[in-house]
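For reference, TrEMBL has these:
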- A:10-151: domain 'NAC' (DOMAIN)
Number of protein chains: 2
Amino acid sequence: MMPSTGQASVPPGFRFHPTDEELLYYYLRKKVSYEAIDLDVIREVDLNKLEPWDLKDKCKIGSGPQNDWYFFSHKDKKYPTGTRTNRATTAGFWKATGRDKAIHLSNSKRIGMRKTLVFYTGRAPHGQKTDWIMHEYRLEDDTTEIQTTSL
Amino acid sequence: MMPSTGQASVPPGFRFHPTDEELLYYYLRKKVSYEAIDLDVIREVDLNKLEPWDLKDKCKIGSGPQNDWYFFSHKDKKYPTGTRTNRATTAGFWKATGRDKAIHLSNSKRIGMRKTLVFYTGRAPHGQKTDWIMHEYRLEDDTTEIQTTSL
């Protein structure tokens, strides 16, 4: 068995390019049910404590060039009683853009949703838009998320 | 350890997209020296007995969509005494195109060459050009090759 740590070793030549379906139905589903993941390459991070550019090192997989970084993160509520999510970091904040996209299995069963967010430096409602994009995946009826960031 | 067969299992989300350097310096170098390969996904085939489209199934890696197929193959000399290579199959033949490209390590050391070939159906010197491209990698001072085909 391969070591089951965040720094699992990936054989040369392999790149992590999962489909939405693989992220949701394999990685996130196993994560929320505490099942073992074959090659456990997705790290847990606290998204409020990391800037997007910090994720490059933190979420490195293997030795190849990488333009997407994957991580698990718990949603942090802005107010204990509210439903709005606090997506601020020290340098800026993540802001949702566009519509959430439904993710279906090939047999057309809906398994979850994908939200797209953009990183702004500064403080809302001001702030300077950046090229950092995040996709946030959630399973139907669950609040644990898997997230990918790309520049 | 992962099973060391041609059908090694690849965790979900991983795709085999090796660089020229990884193909030569890791996979081919280990192959010719009979060293173990971490996740032995590259099969040995007899290129004269397989048409390019047969390689799709034969050289499948994991379950994801694939546009490149990788294999090891021994060069078959056209005539026992000659240096020309027999690259004919039942349906056609592979013909070299362009110049061979030198492959360097990042420290600029030259480790091998890459030849590009195109598949023609029919018999040389006639034949109908197809969209099948093969890259043939050879280490410096060695005759064993790794080959990748793509459509």
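Glycine residues also receive a Cβ, built from the backbone N, Cα and C atoms like all the rest.
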**Message:** With helix taken as DSSP H, G or I, strand as E or B and everything else coil, how many residues of the domain 'NAC' (A:10-151) land in each class?
**Reply:** 20 helix, 57 strand, 65 coil
**Complete:** Taking every residue in the domain 'NAC' (A:10-151), the average pLDDT works out to 87
